[in-house]
Amino acid sequence: MSLYHETAKILLNNTSSLRSRVFGKRDLESQPGQVYALAVESCKWSLVLKEVIENVDFLRLERKVTPILSVLLVHDLLLVKRGIALPASHGLRVTIEKYKRRIQAEFTKARVRRKLASLEEFKQYIEASFQRSQEEKLGALYPRWVRINTLKTSLKDQLETTFSDYERVTNIQDVRTLDYKRLAIDVHIPNLVALSPCTEVLKSNAYKAGEIICQDKASCFPAYLLDPISTDGHIIDTCSAPGNKTTHLAAILKSRSPDVNPSSLVIYAYEKNKLRSETLEKMIKLSGAEDLIKLNSAQDFLKTDPNSPNFRSVGALLLDPSCSGSGIIGREETPELHLPSLTKPPDAKSKHKIKKTSSTVSDKNASRKRKREDNDDVAVLIDDDGKNIVPSSQQELEARLSALSQFQLKLLLHAFKFPNAKKITYSTCSIFAQENELVILQALEHCDAKKGGWRILKREEQIGSLRDWPIRGSQDVLGDQKDLAEACIRTVKGDEHATMGFFVAALIRE
């Protein structure tokens, strides 16, 4: 049975969660991870794909292609680089590719109708729509966190222009509504605002000009906790892409040292992945940070020589390494599936007019009560490209976390070796102690830390607003090391602070 038939069968049998259906099925011929990814991504795009398929109107002619198969096949035709994962002579592939030009043309029309300039914008639109629909279902409306890029503008200017028609509130809970355009200025991170979830930030001129940047509040903690000043010397961001933290670092540094010659203050941005380096480069240019950031494209921080004369003036490092991504919001929920009709609706053009709020279409089983199985609490991890990685067992999860934590520790120990470094921040968007408190603990107990005079930055030493942050490290993990737990900062996905799950700690050299 092909990947597409297996995925179709699983999607239509919706008596339990998608994860349970995929990873609890013992007789799958395809890789479970591949089935899960195809199912999730096809569902995300299914409303658009339904529109495309109905307008091409091939289902009434091609009876072997069912509505669900058409969604899966057209998804891969349009959105997967390798195309349909079937032999070139396979009947299903031949059938779909017969309509390839018309399918691509209707897909382009669907994008244009939504006033989106590129495929990349279309993908962002779909992700935003998916998150909004999940928030509506869950009743946990997350605000749109937006950082004002002070390299190009100011909070005052943006409040008077981009956000002039927003109602100002002081409580974050008042922002979590779909009914009003509201804005709250954050009390912990300067130049950060929370907007109502209905906000179309990506279409604003300020966003397109790099004056505002979409960045979760928790993601702003590392650069702010590092507290860069001109006397620190140069800074290294060890794993920089996509560039939100790097450009935040540049904005903070510039605001605190406005008259300093940019050549005397450099942020070295490392990213070993070539494609991610390209994303990082675009972000640096868009944000106006080229004078402050030196991009080391497709270069591995772990291969740098800390004793090189080039790094003699490095006084601070920001470490935000690859992690499980388990704290990221909205990735583990299954999108709703929309299936095309067998015939083209007579009023297809009017039917597909785009509304400002995303509509939902329930399939015939949507009202059926879902059963929860043990597999539901298997974690969904996120790789560096934002793709879901779902371990098939607790053992696989532990193995993945072990490999990640070893890499994270290696990165931190390498940072200790820079001879004039005085401070480091270490952060992850993970909920797991193996990647967080335990990495910090192992690093501090290592001979390199003791020899170099490294210690944790205590809570009372942290920059004011983060010192007051209420959620600290896990004492269950750290036991009687209460000071270390207090020094670690956590955010909890889904709580009243409306952030993703995150961890950050700072280390300083005596």
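Backbone N, Cα and C atoms are what each Cβ position is placed from, and that goes for glycine too.
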Suppose a student reads TrEMBL and sees CYS239, SER240, ALA241, PRO242, GLY243, ASN244, LYS245, ASP320 listed for S-adenosyl-L-methionine. Which of GLU271, GLU336 should they find annotated at that same site? GLU271
Same-chain residues at least 6 positions away from ASP320 (S-adenosyl-L-methionine binding site) with a Cβ under 8 Å from its Cβ, in sequence order, are PRO222, ASP237, THR238, CYS239, LYS245, TYR426, SER427, THR428
Pairwise CA distances across CYS239, SER240, ALA241, PRO242, GLY243, ASN244, LYS245, GLU271, ASP320 (listed as binding S-adenosyl-L-methionine) top out, in Å, at 13
With H, G and I counted as helix, E and B as strand and the rest as coil, say where DSSP puts LYS245 (S-adenosyl-L-methionine binding site). helix
Neighbour count (Cβ, 10 Å) for LYS245 (S-adenosyl-L-methionine binding site): 25
One should report the C-alpha separation between ALA241 (S-adenosyl-L-methionine binding site) and CYS429 (active site, nucleophile), rounded to whole angstrom, as 14
Can you tell me the CA-to-CA distance separating GLY243 (S-adenosyl-L-methionine binding site) and CYS429 (active site, nucleophile), as a whole number of Å? 15
Determine, for the S-adenosyl-L-methionine site, the additional residues of the same chain whose CB lies within 8 Å of the mean position of the CB atoms of CYS239, SER240, ALA241, PRO242, GLY243, ASN244, LYS245, GLU271, ASP320; present them in sequence order. ASP237, THR246, ALA269, ARG276, LEU280, MET283
